[in-house]
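Undergrad: Under the heading domain 'FAD-binding FR-type', Swiss-Prot lists 1-89. For CYS211, CYS216, CYS219, CYS229, the entry in Swiss-Prot reads [2Fe-2S] cluster binding site.
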Amino acid sequence: MKPVNAKIVEIVEESPTIRTFRFDISFDDALPGQFVMVWVRGVDEVPMGSSYLNGITVQNVGDATSKLFDMKVGDSVGLRGPFGKGFTLPKKDEHILIIAGGVGAAPLGPLADYAAECGAKVTTILGSRECYELVFEDRFSSAGELHITTDDGSAGTCGFVTTVLADMDVSVYDRICVCGPEIMMANVMKALQEKDALDRSEFSMHRYFKCAIGVCGACCMDPDGLRVCKDGPVLNGSLLIDSELGDHKRNSSSQRVRV
């Protein structure tokens, strides 16, 4: 699949390090949790979870995202996708728990929107290091019940998403959907295992993608060889309990490095 030229039509500053970029094209068939490959010309092509049908929400963490942050309305990138498996779509009257950390809120925003529109009940735990790094607070609040956590206590509960999760009866949720920093997700996975809820959980994984179609193996997870771009990026929690999640990942040279 060749990249399609996409012109930036709007830039929203979500936090000092996170921005949403909207484009003049829309992936109307994209499902919550799927991703697109963003070609930042002259730098790199990187995977980004769709936060809107015509938008991505990005944290400035590397060369490609730094170049993207230098762009203005009217500049363009190349987009191809959508790729991968997204979250299981909720049904009317189901109750889903969303657990989002930092920019991990990006692929969960569309899920919250869809759930609210179809008549499902939504509860969200939204975490960040500080209050100004909270992403899509109003969006999740509009979808249903919202619990906020910050590492420094500047908003909501002082602590981590697992601080709130520890006191929850997760048996009331039909599905638990998670995305955030890997260490956060590993801790959530352990908490859900203790609550016997892993089989009802789905995690949106982050790995280094090259081909995005499951051929090159750059995004494979040990020990089962799960291809995150093809088998995921959304994977059932029961598949991850004995995986490298929270311990190792592969770098751009496909070498195993510690998270």
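Keep in mind that glycine also has a Cβ here, set from the backbone N, Cα and C atoms.
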Undergrad: Starting from the Cβ centroid of CYS211, CYS216, CYS219, CYS229, the recorded [2Fe-2S] cluster site, name every other residue in that chain with its Cβ within 8 Å, sequence order please.
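TA: In sequence order, the nearby non-listed residues are PHE209, LYS210, ALA212, ILE213, GLY214, VAL215, GLY217, ALA218, ARG227, VAL228, LYS230.
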Undergrad: Under the DSSP assignment, what numbers of helix, strand and coil residues are found in the domain 'FAD-binding FR-type' (1-89)?
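TA: Within the domain 'FAD-binding FR-type' (1-89) the tally stands at 8 helix, 49 strand, 32 coil.
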Undergrad: On average, what pLDDT score does this prediction assign to the domain 'FAD-binding FR-type' (1-89)?
TA: 95
Undergrad: Please list, in sequence order, the residues in the chain of CYS216 ([2Fe-2S] cluster binding site) that are at least six apart in sequence and whose C-beta is under 8 Å away from its C-beta.
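TA: Residues satisfying the criterion: LYS210.
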